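Among the features that TrEMBL reports, domain 'Peptidase S54 rhomboid' is placed at 206-346. Residues annotated as transmembrane segment in TrEMBL: 160-179, 211-235, 247-267, 273-295, 307-322, 328-345.
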Amino acid sequence: MFIDDIRSFFAESNLKPIAVNADRISLYYQDREEGCYALIVFDCPEGAEFTASQYQNIKRQIYDSLAQGSPKRVYMHTILVTGDVSRACQITGKEAESWIIDTGNYRLIIYENQNYNFIGIRRGLEDFILREYSPFETGKEEEMPHEPLRYKEKSNLSRYFSPVNTAIVLSNILVFLIVNNLLPESTGDIYVNKGALSWRDILENGEYYRLITYMFLHSGLSHLTNNMIVLLFIGDNLERAMGKWRYLTAYLASGILAGAVSIFYNMIKFNNIISIGASGAIFGVVGGMAYVVAVNRGRLENISTRQLVWFVIFSLYGGLTSQGVDNAAHIGGLLSGFLLAALLYRKQKKNHIG
């Protein structure tokens, strides 16, 4: 049976099974330094085996039992294994700490607002379902065109690269190739000079477009590569957490505000310099991720608060000890991204337990 295979998968995934005195419920547990993680699997083939109230009561009882036996914080997540997705959604209310396994179409459903990778099991679970149960053998794929997440979509590159962030990376690469390789050197220099961040040109000549164009220009291959690697790593996570349009807004607004801070700083210092590069916006992404991680109790997907803090420290240290780095834009982007995330990020309110 499908549910038995799923239980076996979790039992083999460094999750300790705990006996539960209830039918159709399986409990798995993992103890980590930062807290204790509990995964509750509900077997709901018809989607009517539990009511929303029963679901919440079961979660509360399990939480209370685990919290009493451990001084650590308890993190809980649920998975409903069901053949009726709409009924399962009514049970969970699509709360953030829940997923659905659709047994009719053999897929893992994760809605936009939900925790994308509880203790790192998502990818392995998806691969297990894909390996054991091919979605193309069911003959039901075309019956559910409006479901939010089809498994075939999660098994391809979209699992690893979110659309808006990937488009931003590709845009930066395309602009770099055009300006630095396809145009004559003199013409490329003109484009850079016309698009770079310059407080004199912006304030005295009204060339406000520079607040956007400077984000897509880079001085060399290493400059581009370093920025895009960081953006691929962190931006991808932030887009999945915020949603594509909020992420795009946060990215562009962070870059613009980072540029504004740079303009103000260099103007009062009378520094007649120009700046290019996506790093101001990227620091905005880092600031946004810092906020999202903080409100998700110190961890989101594979990123923790500690990792972000060290990244920011090393990045700012590298900028402060290097020549030709616009640290005003970096700091401005970091703070802007944090504040923008506070305005744009919508973490679904959960029914608090305990």
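Using N, Cα and C of the backbone, Cβ positions are placed for all residues, glycine too.
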At a C-beta cut-off of under 8 Å, are there same-chain residues at least 6 beyond the transmembrane segment (160-179) that contact it? List them, or none.
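Apart from its flanks, the transmembrane segment (160-179) reaches 188, 191-192, 216-218, 221, 224, 227-228, 231-232, 235-236, 238-240, 244-245, 247-248, 251, 278.
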Summarise the domain 'Peptidase S54 rhomboid' (206-346) as counts of helix, strand and coil residues per DSSP.
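Across the domain 'Peptidase S54 rhomboid' (206-346), DSSP assigns the residues as follows: 105 helix, 5 strand, 31 coil.
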